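Q: Sharing a structure with you now.
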Ligand SMILES: *Cc1c(COP(=O)(O)O)cnc(C)c1O
């Protein structure tokens, strides 16, 4: 046809007789975060025995990455009597799963939805006088409320100067039949270590708030202040209930109590190569091999929550041994130097897992990344498959 440019014919590529096939088993072994339910159950038993308090299992942030509902179930099996969430959507998730234990929600990141709370049969913690007023104005039925006092964090909770106004409004609303004040809550700033001395001002402030509530006739109240670190180390913070998040999944920020790690992250080797000395590995070539070695690649990267910058000690377990992570962690991949050993594609690596095996712990990963174990575990991304055992 006139005006039409002929498309040159490209030479055909000869077809390989057999293309590369994934090693058997690779397909079923995608990167996976395994929840050990029994570990959660055991941790709750340990914490109950040590504190003598009722336990609220805080299953926020998708149960610290391990699954809101399965972590909640495992905690209830261990004797937790309450469940705590930041978001009412999580409360609804628990109800839809058929869990009937009392639930408290305290953050309302999308704004407080009083109707949703009633629908999800969930108690609301109010951290502003204004929020309490909203509950009064919008209550579709009797709303159960916990008064959240700021006991030293300035990150939520009613500031101390406004406690009298809070109590007055709470009493009036309760008398008016809009709500029932069932709990008094505070939170302590020293959540990452054992430090009774530094807890003391928060404990004292909470006691002041409690006396004030009682003087307004707001009694009985379920009192709860301490989280994992305080609960395990400082009896003064225990009151009637302790709110346990990190401790459920085996993280004791106070490093005083033997808890069981509930999370194990595994991934198959997706690529393996033998390289000579002087090979630059990964983006920026930040690691150069000093001798001929074998490399294994895992399909996990910073988008999956693994930190991009790690100390040179960072390692994973493959074949029952520890091998170092080398070069920068990429978006979807990380490279492991396995020295003289060549692992076939599909070999399963454990990135972190319980203590007492060759696999590193989340605590070690946190140290390598200069952060806390919560960030590592709760930060594992949503495309990593979850399983429950
Ligand atoms: C996360 C959280 C907890 C649980 O804290 P851990 O240190 O993880 O046990 C308790 N209370 C509040 C208000 C929280 O936000």
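Any Cβ shown, glycine's included, is placed from N, Cα and C.
Okay, so TrEMBL annotates it like this:
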REGION    1-33  region 'Disordered'
ACT_SITE  60  active site, proton acceptor
MOD_RES   60  N6-(pyridoxal phosphate)lysine
BINDING   155, 331  substrate binding site
DOMAIN    262-389  domain 'Alanine racemase C-terminal'
ACT_SITE  283  active site, proton acceptor
Q: Which one is it, among the recorded positions 60, 155, 331, that lies nearest to residue 283 (active site, proton acceptor) by Cα separation?
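A: That would be 331, the closest of 60, 155, 331 to residue 283 (active site, proton acceptor).
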Q: Translate the DSSP assignment of residue 155 (substrate binding site) into the three-state scheme.
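A: Assignment for residue 155 (substrate binding site) reads coil.
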Q: Tell me, how many other CB atoms lie within 10 A of the CB of residue 331 (substrate binding site), whichever protein chain they belong to?
A: 10
Q: Mean pLDDT for the domain 'Alanine racemase C-terminal' (262-389), as a whole number?
A: 97
Q: Ranked by the number of other Cβ atoms within 10 Å of their own Cβ, which of the recorded positions 60, 155, 283 ranks first?
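A: Neighbour-count leader: 60.
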Q: Helix, strand, coil: count each for the residues of the domain 'Alanine racemase C-terminal' (262-389), based on DSSP.
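A: The domain 'Alanine racemase C-terminal' (262-389) comes out at 20 helix, 48 strand, 60 coil.
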Q: Can you grab the distance from residue 155 (substrate binding site) over to residue 60 (active site, proton acceptor)? Cα atoms, rounded to a whole Å.
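A: So the alpha carbons of residue 155 (substrate binding site) and residue 60 (active site, proton acceptor) sit roughly 17 Å from each other.
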Q: I want to verify one value. Collapsing DSSP to three states, which class is residue 60 (active site, proton acceptor)?
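A: Residue 60 (active site, proton acceptor) sits in a helix per DSSP.
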